[in-house]
Amino acid sequence: MAAAAAAAAAAGDSDSWDADTFSMEDPVRKVAGGGTAGGDRWEGEDEDEDVKDNWDDDDDENKEEAEVKPEVKISEKKKIAEKIKEKERQQKKRQEEIKKRLEEPEESKVLTPEEQLADKLRLKKLQEESDLELAKETFGVNNTVYGIDAMNPSSRDDFTEFGKLLKDKITQYEKSLYYASFLEALVRDVCISLEIDDLKKITNSLTVLCSEKQKQEKQSKAKKKKKGVVPGGGLKATMKDDLADYGGYEGGYVQDYEDFM
């Protein structure tokens, strides 16, 4: 009986030991369940990463991104080229309109020969300016200007200053043989677009200037005549008379003067 009791006690201890052993919580399960304070630190550690089948895939993606950027630049260049073409098209259309106006006769309004010439010159000037602007845009000419060309007068004072600069620029060539003809052509060309009343004002101003110059020229000629020598020995006779008044006779100083002469 005593032996059976001892065996039963030993079996009981073994069962309790097994129970204690298998009742322990699985550390892995406890960590996964968030039972411990430091469980979050290892969270996701065992998750499978998105591992690429081929290590060259990263390089291929980088190459694709690099190839996309030049496409953007090319599209920008295309936009610029399209803008340039549009400008050229508008410029060409404008030139064709000007050329058409130059060639077709004026039917709606009867113009005098002078007015027709003025209109043609004006249109020709517009066409030349249009051609010059197109050439600048085509060849990328820098439009940075200085001095007179940089001025853009709008007020009376601005035009006064602009006129002074133009005068200083032009009058430095007044000694040239072609200066007068140059001014004649210049005044005619710059006055083409003016109204009749404005032309009359300019004409009157030039007429007054011409009258003043004529008066000055006459006065200058009169002064030269007074200072001139009288022909036929008049100056010698006058000096002789003056000496005779001092001497009172034909000898003396007069005779000495004649001997000296």
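Note: Cβ is positioned from N, Cα and C throughout, glycine not excepted.
Fair warning: this is a prediction, and the values are worked out from it, not measured in the lab.
Taken straight from Swiss-Prot:
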COILED    73-138  coiled coil
COMPBIAS  1-11  compositional bias 'Low complexity'
COMPBIAS  43-64  compositional bias 'Acidic residues'
CROSSLNK  Lys109  SUMO2 cross-link
MOD_RES   Ser14  phosphoserine
MOD_RES   Ser16  phosphoserine
MOD_RES   Ser23  phosphoserine
MOD_RES   Thr112  phosphothreonine
MOD_RES   Ser130  phosphoserine
MOD_RES   Tyr257  phosphotyrosine
REGION    1-113  region 'Disordered'
REGION    4-72  region 'Sufficient for interaction with EIF3B'
REGION    246-261  region 'Promotes stable association with the 40S ribosome'
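Of the listed modified residues, namely Thr112, Ser130, the sparsest CB environment within 10 A is found at Thr112. Cα to Cα, Thr112 (phosphothreonine) and Ser130 (phosphoserine) are separated by 27 Å.
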